[in-house]
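*Asks:* Pasting in a structure now, in C-alpha coordinates, and then I'll have a few things to ask.
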(Lines of atoms letter the chains of each structure in order from A; the text may use other names.)
(Lines give C-alpha, C1' and ligand atoms only; values in the text may rest on other atoms or scores of the structure.)
Protein backbone atom coordinates (compact mmCIF):
# COMPACT_ATOMS: atom_id res chain seq x y z
CA UNK A 1 0.00 0.00 0.00
CA UNK A 2 1.35 3.41 -0.97
CA UNK A 3 1.01 5.84 1.89
CA UNK A 4 3.22 8.73 0.80
CA UNK A 5 1.10 11.77 -0.05
CA UNK A 6 1.69 15.47 -0.41
CA UNK A 7 -0.72 16.45 2.35
CA UNK A 8 -2.88 14.65 4.82
CA UNK A 9 -6.65 14.83 4.81
CA UNK A 10 -8.19 17.35 7.22
CA UNK A 11 -10.63 16.44 9.94
CA UNK A 12 -11.06 13.21 11.85
CA UNK A 13 -12.99 11.14 9.33
CA UNK A 14 -11.90 12.24 5.86
CA UNK A 15 -9.63 9.81 4.02
CA UNK A 16 -8.41 8.50 0.68
CA UNK A 17 -9.50 5.19 -0.78
CA UNK A 18 -7.03 2.61 -2.09
CA UNK A 19 -7.27 0.77 -5.41
CA UNK A 20 -4.76 -1.92 -6.36
CA UNK A 21 -2.59 -1.08 -3.32
CA UNK A 22 -2.28 2.56 -4.30
CA UNK A 23 -3.93 5.67 -2.96
CA UNK A 24 -6.53 7.06 -5.33
CA UNK A 25 -8.71 10.15 -5.43
CA UNK A 26 -9.09 13.17 -3.23
CA UNK A 27 -9.99 13.28 0.42
CA UNK A 28 -13.56 12.36 1.10
CA UNK A 29 -15.92 10.01 2.86
CA UNK A 30 -14.90 6.38 3.21
CA UNK A 31 -17.23 3.70 1.78
CA UNK A 32 -19.58 1.96 4.20
CA UNK A 33 -17.79 -0.68 6.21
CA UNK A 34 -14.52 1.28 6.16
CA UNK A 35 -12.97 3.97 8.31
CA UNK A 36 -9.76 5.98 8.27
CA UNK A 37 -6.59 4.84 9.97
CA UNK A 38 -3.97 7.12 11.52
CA UNK A 39 -2.52 7.74 8.02
CA UNK A 40 -5.92 8.98 6.77
CA UNK A 41 -6.37 6.03 4.43
CA UNK A 42 -9.70 4.23 4.28
CA UNK A 43 -9.38 0.67 5.56
CA UNK A 44 -12.01 -2.05 5.60
CA UNK A 45 -13.20 -2.98 9.07
CA UNK A 46 -12.40 -6.67 9.47
CA UNK A 47 -12.65 -7.03 13.25
CA UNK A 48 -15.48 -8.57 15.25
CA UNK A 49 -17.54 -6.84 17.94
CA UNK A 50 -16.13 -6.94 21.44
CA UNK A 51 -18.12 -8.23 24.43
CA UNK A 52 -19.16 -4.68 25.32
CA UNK A 53 -20.44 -4.11 21.78
CA UNK A 54 -22.58 -7.26 21.97
CA UNK A 55 -23.90 -6.17 25.36
CA UNK A 56 -24.87 -2.82 23.86
CA UNK A 57 -26.67 -4.51 20.98
CA UNK A 58 -28.38 -6.79 23.47
CA UNK A 59 -29.56 -3.80 25.48
CA UNK A 60 -30.99 -2.08 22.41
CA UNK A 61 -32.64 -5.35 21.35
CA UNK A 62 -34.23 -5.80 24.79
CA UNK A 63 -35.85 -2.36 24.82
CA UNK A 64 -38.73 -3.14 22.41
CA UNK A 65 -39.25 -6.57 23.97
CA UNK A 66 -39.53 -5.17 27.49
CA UNK A 67 -41.89 -2.45 26.27
CA UNK A 68 -43.98 -5.05 24.43
CA UNK A 69 -44.31 -7.12 27.61
CA UNK A 70 -45.12 -4.08 29.72
CA UNK A 71 -47.97 -2.87 27.51
CA UNK A 72 -49.32 -6.39 26.94
CA UNK A 73 -49.53 -6.84 30.71
CA UNK A 74 -50.93 -3.35 31.17
CA UNK A 75 -53.77 -3.74 28.67
CA UNK A 76 -54.51 -7.45 28.94
CA UNK A 77 -56.41 -7.12 32.22
CA UNK A 78 -56.84 -9.64 34.98
CA UNK A 79 -59.64 -11.51 33.21
CA UNK A 80 -57.74 -12.07 29.98
CA UNK A 81 -56.05 -15.40 29.36
CA UNK A 82 -54.28 -14.21 26.23
CA UNK A 83 -51.39 -12.36 27.89
CA UNK A 84 -49.09 -15.39 27.95
CA UNK A 85 -49.57 -16.06 24.22
CA UNK A 86 -48.94 -12.42 23.43
CA UNK A 87 -45.76 -12.45 25.55
CA UNK A 88 -44.51 -15.51 23.64
CA UNK A 89 -45.43 -13.91 20.31
CA UNK A 90 -43.55 -10.71 21.19
CA UNK A 91 -40.50 -12.78 22.12
CA UNK A 92 -40.73 -14.65 18.79
CA UNK A 93 -41.08 -11.38 16.84
CA UNK A 94 -37.99 -9.82 18.42
CA UNK A 95 -35.95 -13.02 18.12
CA UNK A 96 -36.87 -13.46 14.45
CA UNK A 97 -36.08 -9.79 13.78
CA UNK A 98 -32.66 -10.15 15.43
CA UNK A 99 -31.77 -13.27 13.41
CA UNK A 100 -32.89 -11.73 10.10
CA UNK A 101 -30.97 -8.54 10.87
CA UNK A 102 -27.76 -10.47 11.55
CA UNK A 103 -28.21 -12.57 8.40
CA UNK A 104 -28.67 -9.50 6.22
CA UNK A 105 -25.71 -7.67 7.70
CA UNK A 106 -22.24 -7.94 6.16
CA UNK A 107 -21.21 -10.73 5.63
CA UNK A 108 -24.64 -11.63 4.28
CA UNK A 109 -25.99 -15.03 5.24
CA UNK A 110 -23.95 -15.40 8.41
CA UNK A 111 -24.69 -14.69 12.05
CA UNK A 112 -21.13 -13.38 12.32
CA UNK A 113 -20.72 -9.64 11.76
CA UNK A 114 -17.63 -7.56 11.20
CA UNK A 115 -17.32 -4.18 12.83
CA UNK A 116 -15.20 -1.09 13.24
CA UNK A 117 -13.68 -0.40 16.62
CA UNK A 118 -15.34 2.35 18.66
CA UNK A 119 -12.56 4.67 19.78
CA UNK A 120 -14.33 7.77 21.06
CA UNK A 121 -17.75 9.39 21.40
CA UNK A 122 -17.24 11.46 18.25
CA UNK A 123 -17.22 8.24 16.19
CA UNK A 124 -21.00 8.19 16.60
CA UNK A 125 -21.48 11.76 15.38
CA UNK A 126 -19.25 12.17 12.35
CA UNK A 127 -21.72 14.63 10.82
CA UNK A 128 -20.52 17.17 13.38
CA UNK A 129 -16.90 16.90 12.24
CA UNK A 130 -17.02 17.83 8.54
CA UNK A 131 -13.90 19.98 8.07
CA UNK A 132 -13.57 23.27 6.16
CA UNK A 133 -9.85 23.51 5.24
CA UNK A 134 -10.17 26.92 3.54
CA UNK A 135 -13.04 28.09 5.78
CA UNK A 136 -15.25 28.23 2.67
CA UNK A 137 -15.65 24.74 1.21
CA UNK A 138 -16.85 21.98 3.51
CA UNK A 139 -15.68 18.41 3.01
CA UNK A 140 -18.61 16.12 3.76
CA UNK A 141 -17.08 13.06 5.41
CA UNK A 142 -20.12 11.81 7.32
CA UNK A 143 -19.90 8.03 7.64
CA UNK A 144 -20.72 5.17 9.98
CA UNK A 145 -17.40 5.06 11.79
CA UNK A 146 -18.88 2.59 14.29
CA UNK A 147 -20.10 0.22 11.57
CA UNK A 148 -22.49 -1.52 12.02
CA UNK A 149 -23.51 -0.57 15.58
CA UNK A 150 -25.46 2.49 14.45
CA UNK A 151 -27.54 1.18 11.54
CA UNK A 152 -27.98 -2.41 12.68
CA UNK A 153 -30.19 -1.26 15.55
CA UNK A 154 -32.39 0.77 13.20
CA UNK A 155 -32.72 -2.21 10.84
CA UNK A 156 -33.65 -4.42 13.79
CA UNK A 157 -36.40 -2.04 14.88
CA UNK A 158 -37.79 -2.00 11.34
CA UNK A 159 -38.01 -5.80 11.23
CA UNK A 160 -39.56 -5.87 14.72
CA UNK A 161 -42.30 -3.57 13.47
CA UNK A 162 -42.86 -5.64 10.31
CA UNK A 163 -43.11 -8.94 12.19
CA UNK A 164 -45.42 -7.40 14.76
CA UNK A 165 -47.80 -6.12 12.09
CA UNK A 166 -47.79 -9.50 10.35
CA UNK A 167 -48.33 -11.72 13.40
CA UNK A 168 -49.80 -9.89 16.37
CA UNK A 169 -53.12 -8.60 14.94
CA UNK A 170 -54.12 -12.09 13.82
CA UNK A 171 -53.18 -13.62 17.16
CA UNK A 172 -54.95 -10.96 19.21
CA UNK A 173 -58.08 -11.21 17.10
CA UNK A 174 -58.25 -14.97 17.63
CA UNK A 175 -57.45 -15.39 21.32
CA UNK A 176 -58.06 -12.06 23.06
CA UNK A 177 -61.74 -12.73 23.54
CA UNK A 178 -61.77 -11.51 27.13
CA UNK A 179 -61.14 -7.92 26.03
CA UNK A 180 -63.30 -5.45 24.24
CA UNK A 181 -62.84 -4.69 20.56
CA UNK A 182 -61.02 -1.47 21.34
CA UNK A 183 -58.87 -2.79 24.20
CA UNK A 184 -57.47 -5.90 22.54
CA UNK A 185 -55.33 -3.91 20.08
CA UNK A 186 -54.05 -1.27 22.51
CA UNK A 187 -50.72 -3.04 23.05
CA UNK A 188 -50.17 -2.89 19.29
CA UNK A 189 -51.12 0.78 19.17
CA UNK A 190 -48.63 1.43 21.97
CA UNK A 191 -45.87 -0.21 19.90
CA UNK A 192 -46.70 2.13 17.01
CA UNK A 193 -45.82 4.96 19.38
CA UNK A 194 -42.72 3.62 21.10
CA UNK A 195 -40.97 2.29 17.97
CA UNK A 196 -40.60 5.80 16.45
CA UNK A 197 -39.41 7.03 19.86
CA UNK A 198 -36.79 4.25 20.05
CA UNK A 199 -35.70 5.04 16.49
CA UNK A 200 -35.18 8.72 17.26
CA UNK A 201 -33.43 7.78 20.51
CA UNK A 202 -30.95 5.60 18.62
CA UNK A 203 -30.47 8.12 15.81
CA UNK A 204 -29.81 11.06 18.13
CA UNK A 205 -28.46 9.49 21.31
CA UNK A 206 -26.88 6.25 20.13
CA UNK A 207 -23.40 7.32 21.16
CA UNK A 208 -24.51 8.45 24.59
CA UNK A 209 -26.46 5.23 25.12
CA UNK A 210 -23.40 3.22 24.13
CA UNK A 211 -21.46 4.57 27.09
CA UNK A 212 -24.37 4.93 29.54
CA UNK A 213 -26.47 1.79 28.99
CA UNK A 214 -24.83 -0.28 31.81
CA UNK A 215 -25.78 2.34 34.38
CA UNK A 216 -29.22 2.86 32.83
CA UNK A 217 -29.87 -0.88 33.03
CA UNK A 218 -28.80 -1.09 36.65
CA UNK A 219 -30.70 1.99 37.85
CA UNK A 220 -33.93 1.22 35.99
CA UNK A 221 -33.96 -2.40 37.10
CA UNK A 222 -33.57 -1.31 40.74
CA UNK A 223 -36.26 1.37 40.51
CA UNK A 224 -38.81 -0.79 38.67
CA UNK A 225 -38.29 -3.67 41.10
CA UNK A 226 -38.89 -1.38 44.08
CA UNK A 227 -42.00 0.10 42.44
CA UNK A 228 -43.39 -3.33 41.59
CA UNK A 229 -42.84 -4.74 45.07
CA UNK A 230 -44.39 -1.65 46.63
CA UNK A 231 -47.42 -1.67 44.31
CA UNK A 232 -47.92 -5.39 44.91
CA UNK A 233 -47.64 -4.85 48.68
CA UNK A 234 -44.86 -7.39 49.01
CA UNK A 235 -43.46 -6.96 52.52
CA UNK A 236 -42.29 -10.46 53.40
CA UNK A 237 -40.93 -13.62 51.81
CA UNK A 238 -44.35 -15.20 52.27
CA UNK A 239 -45.97 -12.49 50.13
CA UNK A 240 -43.25 -12.90 47.54
CA UNK A 241 -43.72 -16.64 46.99
CA UNK A 242 -47.51 -16.48 47.19
CA UNK A 243 -47.78 -16.08 43.39
CA UNK A 244 -45.58 -17.52 40.67
CA UNK A 245 -45.85 -14.31 38.69
CA UNK A 246 -44.04 -12.41 41.43
CA UNK A 247 -41.13 -14.84 41.32
CA UNK A 248 -40.94 -14.49 37.53
CA UNK A 249 -40.76 -10.71 37.86
CA UNK A 250 -38.12 -11.01 40.60
CA UNK A 251 -35.87 -13.34 38.60
CA UNK A 252 -36.28 -11.16 35.50
CA UNK A 253 -35.03 -8.16 37.45
CA UNK A 254 -32.17 -10.19 38.84
CA UNK A 255 -31.13 -11.01 35.27
CA UNK A 256 -31.19 -7.30 34.47
CA UNK A 257 -29.12 -6.58 37.59
CA UNK A 258 -26.54 -9.13 36.46
CA UNK A 259 -26.60 -7.74 32.91
CA UNK A 260 -25.85 -4.25 34.20
CA UNK A 261 -23.04 -5.46 36.47
CA UNK A 262 -21.42 -7.46 33.65
CA UNK A 263 -21.72 -4.47 31.29
CA UNK A 264 -20.03 -2.15 33.79
CA UNK A 265 -17.21 -4.53 34.69
CA UNK A 266 -16.87 -5.95 31.14
CA UNK A 267 -15.41 -9.02 32.87
CA UNK A 268 -11.90 -7.74 32.21
CA UNK A 269 -10.68 -9.47 35.36
CA UNK A 270 -12.80 -12.54 36.03
CA UNK A 271 -11.34 -13.14 39.48
CA UNK A 272 -12.42 -9.68 40.63
CA UNK A 273 -15.58 -9.19 38.57
CA UNK A 274 -17.47 -12.46 38.99
CA UNK A 275 -17.90 -12.07 42.79
CA UNK A 276 -19.80 -8.84 42.06
CA UNK A 277 -22.67 -11.00 40.77
CA UNK A 278 -23.28 -12.04 44.38
CA UNK A 279 -24.72 -8.53 44.88
CA UNK A 280 -27.63 -9.28 42.51
CA UNK A 281 -30.13 -10.42 45.21
CA UNK A 282 -29.04 -7.60 47.55
CA UNK A 283 -31.66 -4.93 46.67
CA UNK A 284 -34.59 -7.36 46.94
CA UNK A 285 -33.36 -8.70 50.27
CA UNK A 286 -32.81 -5.18 51.58
CA UNK A 287 -36.34 -4.19 50.55
CA UNK A 288 -37.92 -7.23 52.23
CA UNK A 289 -35.97 -6.70 55.45
CA UNK A 290 -36.78 -2.99 55.75
CA UNK A 291 -40.27 -2.73 54.18
CA UNK A 292 -42.15 -3.18 57.46
CA UNK A 293 -40.24 -0.28 59.03
CA UNK A 294 -41.32 2.16 56.30
CA UNK A 295 -45.00 1.22 56.00
CA UNK A 296 -46.96 4.52 55.79
CA UNK A 297 -49.80 3.34 58.08
CA UNK A 298 -47.35 2.40 60.80
CA UNK A 299 -45.51 5.72 60.55
CA UNK A 300 -48.80 7.67 60.75
CA UNK A 301 -50.06 5.64 63.69
CA UNK A 302 -46.81 6.09 65.60
CA UNK A 303 -46.87 9.79 64.84
CA UNK A 304 -50.43 10.07 66.13
CA UNK A 305 -49.48 8.32 69.36
CA UNK A 306 -46.66 10.75 69.94
CA UNK A 307 -43.81 8.25 69.46
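Here the Cβ of each residue, glycine as well, is placed from N, Cα and C on the backbone.
Remember, predicted model here, so these are calculated numbers, not experimental data.
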*Asks:* Among 35-53, 54-72, 111-129, indicate the range for which TrEMBL gives the feature transmembrane segment.
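*Replies:* Within the set 35-53, 54-72, 111-129, TrEMBL attaches transmembrane segment to 54-72.
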*Asks:* Where else in the chain does the transmembrane segment (215-234) make close Cβ contacts, counting only residues six or more beyond its ends and a cut-off under 8 Å?
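*Replies:* The answer is 59, 209, 240, 246, 249-250, 253, 256-257, 259-261, 263-264, 283-284, 287-288, 291.
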*Asks:* If you count every Cβ pair below 8 Å, which range out of 54-72, 84-104, 246-262, 274-291 shares the most with the transmembrane segment (147-167)?
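*Replies:* Answer is 84-104, with the largest number of Cβ pairs below 8 Å.
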*Asks:* Are there 3 or more C-beta pairs under 8 Å linking the transmembrane segment (188-209) with the transmembrane segment (54-72), counting only pairs at least 6 apart in sequence?
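*Replies:* When sequence-distant Cβ pairs are counted, the transmembrane segment (188-209) touches the transmembrane segment (54-72), since at least 3 lie under 8 Å.
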